[in-house]
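In what follows, a structure is listed as structure tokens, so that the remarks can point back to it.
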Amino acid sequence: MSMNKYRKTIGILLVGGESRRYGGEKAFARFNNNYLFQHSFQILTECCDEVVIISHPRLKSRIEDMVDVKVIEDIPIYRGLGPLAGIYSGMKEMCGDWYVVLPCDTPKMEQSIIKTLLNHRDDDLDAVIPVIKNRLQPLIGVYSAHTEMSIKKLLDQNVLKMTALLEECNVLYLKEDVLGCSEEHFKNINFFTDLENLS
């Protein structure tokens with residue numbers, strides 16, 4: 001489902017990390033009768049032409065049994081280097097013009113927010129990123145294919161912060177009023193109690 005003039009939009013679903021604080025595999029935690037990763041996956045399938053899932057090795061086969069898209073691990077030389085490694089691995093796996101990045105642990109995220117980010121793409125932009133309550137949300141964003149080499153450079157320098165990527169890019173930042181959302185939509189799950197406390 002390519003939106004406006006762009007030829008191909010790829011969804012990158014990040015299902016990685018050790019979930020140490022959560023105390024289990026939070027990708028498979030239940031919320032509203034779905035696993036957490038399924039909620040993010042459904043949003044991406046509705047907003048993108050194709051989806052690739054970047055998985056922790058321990059979860060890969062279990063996820064593959066539940067979806068009909070590519071499930072991959074980080075590129076070996078960057079394995080375990082966090083979200084930038086996952087995004088880069090997804091970009092190398094599937095060619096696209098733009099990439100929608102979404103983590104597996106934001107159960108209140110809505111399709112309309114992602115579509116608004118996509119609708120603000122422009123040829124002179126490298127990324128469209130939410131700013132919620134003055135906090136950047138780079139793990140929920142839209143990135144041009146042009147950012148691939150910048151990500152590789154950061155990984156090669158062992159600079160792993162998402163904000164370091166934004167500093168190298170021409171970014172459009174969208175606030176809550178434009179996105180039609182609240183802080184609640186961006187809450188991620190770190191502890192079991194976080195899930196219990198969601199309304």
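Just so you know, glycine gets a Cβ as well, placed from its N, Cα and C.
The structure displayed is predicted, hence computed values, not measured ones.
Annotated GTP binding in TrEMBL involves LEU14, VAL15, GLY16, LYS26, ASP74 plus, out of the candidates ASP49, ASP97, ASP105, the residue ASP105. Counting residues per DSSP class in helix, strand and coil order gives 55 helix, 36 strand, 56 coil for the domain 'MobA-like NTP transferase' (11-157). Among the binding-site residues ASP74, ASP105, the residue whose Cβ has the fewest other Cβ atoms within 10 Å is ASP74.
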